[in-house]
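Reviewing the structure listed below.
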Protein chains: 2
Amino acid sequence: MSVTTAQGFTAAGLAAGIKATGKADLALVRNLGPDFTAAAVFTSNRVKAAPVQWSEQVIKDGKLQAVILNSGGANACTGPDGFADTHATAEAVADALGIGAIDVAVCSTGLIGTRLPMDKITGAIPAIVQQSSTDGGDDAAEAIMTTDTHSKQATASGSGWTVGAMAKGAGMLAPGLATMLVVITTDAVIDAAELDSALRQATAATFDRVDSDGCMSTNDTVIAMASGASGEAADRAEFEAALTAVCHELAQQLLGDAEGAAHRIAINIHGAVSADDAIMVGRTIARNNLFKCAIFGEDPNWGRVLAAIGTTDADFDPDQLDVSFNGIKVCVGGSIGEPRELVDLGPREVAVDVDLHAGDHETTIWTNDLTYDYVKENAEYVS
Amino acid sequence: MSVTTAQGFTAAGLAAGIKATGKADLALVRNLGPDFTAAAVFTSNRVKAAPVQWSEQVIKDGKLQAVILNSGGANACTGPDGFADTHATAEAVADALGIGAIDVAVCSTGLIGTRLPMDKITGAIPAIVQQSSTDGGDDAAEAIMTTDTHSKQATASGSGWTVGAMAKGAGMLAPGLATMLVVITTDAVIDAAELDSALRQATAATFDRVDSDGCMSTNDTVIAMASGASGEAADRAEFEAALTAVCHELAQQLLGDAEGAAHRIAINIHGAVSADDAIMVGRTIARNNLFKCAIFGEDPNWGRVLAAIGTTDADFDPDQLDVSFNGIKVCVGGSIGEPRELVDLGPREVAVDVDLHAGDHETTIWTNDLTYDYVKENAEYVS
């Protein structure tokens, strides 16, 4: 159930002293081969953290032998000095492993705009390399947590091969990608172009449909590494399905642990003229604070859903909109439908179905409600 | 200090029984002439309330003799029946005044998606017409409040003429326009085209720069009426300045009373290549929940400002961004600037200055922080 479930990988996690709390804050995932195939997807935020800038470069040859990850600091908006820190981290890992820094990706997560304590990181690298083992996946998943209340892992199996994965993320969750770090491992034999294509398909259908709080991170990174250690070549369709299943499972774990959330909300858009329209309408609802507060208050406030849809330029006729909360169609034809008293928003899982009656496309956007605890965590979060 | 400060206007406000609390919920503003010039600006939300659909029609001839306003129900998303209710309200006012319904605008505010108690509204119209007086402005301003904690009024004077105004609004405040009803009166002599043009200029520079919570209403309406009772023709520039001053004052009152807010935040964007870029960047910051929570927590979290800017496609180089909180430049050249400990975010007024260093355009977007009380009000608001 971890990144070391797939053959050919070792991992470790430890407390390097980056976090003032003394909790684990440094993780390593190492690919022992025989293949070193890799692919990655990064945040589309134009303000990119130093580790994103570094990893975007080293992934270009489609190969990686290790990923070093730290929590306790995002190393974002830290200028040339911050980039030098990332470079030095990769070099230290490369030195300890006897490989080149170009085969080491770096991920960081935590507060934006502060330098990392580099002496602590480089000082801990010999130890983390030594600890790295085939059952170190759980420790690595623990070490990348920030405001996460638990670690996130998932696995899937194919015909003779396995996929394992870990993720962190609990806030700043929005498309392109959610604020998160994800490392996916597989022992399947697959070439870099296929791995990259499968990864992009899988993330587009899962992480990119999560919009917890509309805030996009500077550090999002999803890295996939294939060791080929199973000796089994992956069937493309089967592999993409397994990868998508793992990403979906992790995305749901991210949503389930979203900062302060009391409800997990699936916004299902039906009858859109295009996939883009469906996504736009879904995201606009997901980002509407009044709607999110209403769900927290267990109020099936369909008027706020219509008010949100009305701000988009999607194709629809206001008099044709239907909205259901947990199966009760409270809005029919843009006006009053079933009594809102029939809706029970007590359960954590909420489904909002919107039919635009304009076409045949549909999608689901996942979000959370807006709660006291969200405000509390994000008013007080400084580490 | 009210809509009856300008000569030629009467007004009234009373409790018709629409609100379960028994508070005032019906207001009338009447223009006695000799001119009946009018102009209006409405929400750009495509889901428009019935009173907006009605008032958009009756304003087309540039004339109005009365505006009837109710709180306690938005009459939005109520279908053909809701439109008939608005029409019946206008007819009842017209009957009582001996005028045509085409000279009566209607405004409603409150919960979306419920029908109005029409018997109570039409039953109260004879009384409100009778009560209407030249010192009824304060009562009218009280009667349009929903979650407002106080009524909002403003006046300005020109060369021999006066402008008076009232507004309601405390939530769902976002551009195009904020969730609000505004009635502006003047005794200046001005033609309908000039009044319309001056009103659009004034609202674009004031209400359209307010983005309290990113949520756009279905009912926003700003109506201006000119009685010509002063006999003084308004100089266009002077009149637009007076109108803008009144709208600015009301916009600041709306922000000051925004639901649950603890800080009023001016986001000043400098160095943009265009006005559109400046507005886009300012709004994107204003809508970022993590930034808004940070201000509530009195944390000058400039990293969240950069992360928000990075999601826009405005012209800028991430390495050139400067950010100041209350005059302390905590981010210089996209990286760490002055110590954040120097920033005091205790006062209610907060100024965030962002320099894109890309051009010469600048703007200010006004917003609020995201607080426990915002969540509380909007999780519990059902009337």
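Using the three backbone atoms N, Cα and C, a Cβ is placed for every residue, glycine included.
No curator has checked TrEMBL annotations; they are predicted automatically.
The following features are taken from TrEMBL:
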BINDING   B:T146, B:K168, B:T179, B:E259, B:N378, B:S383  substrate binding site
ACT_SITE  B:T179  active site, nucleophile
- What binding-site residues from B:T146, B:K168, B:E259, B:N378 have a chain A Cβ less than 8 Å from their own Cβ? B:N378
- Query: Three-state secondary structure of B:N378 (substrate binding site) from DSSP?
  - Reply: helix
- Message: Can you tell me whether DSSP puts B:E259 (substrate binding site) in helix, strand or coil?
- Response: coil
- Message: At a 10 Å cut-off from the C-beta of B:N378 (substrate binding site), count the other C-beta atoms across all protein chains.
- Response: 27
- Query: What count of other C-beta atoms do you get within 10 angstroms of the C-beta of B:E259 (substrate binding site), across all chains shown?
  - Reply: 26
- Determine, from DSSP, whether B:T146 (substrate binding site) sits in helix, strand or coil. coil
- Can you see whether DSSP assigns B:K168 (substrate binding site) to helix, strand or coil? strand
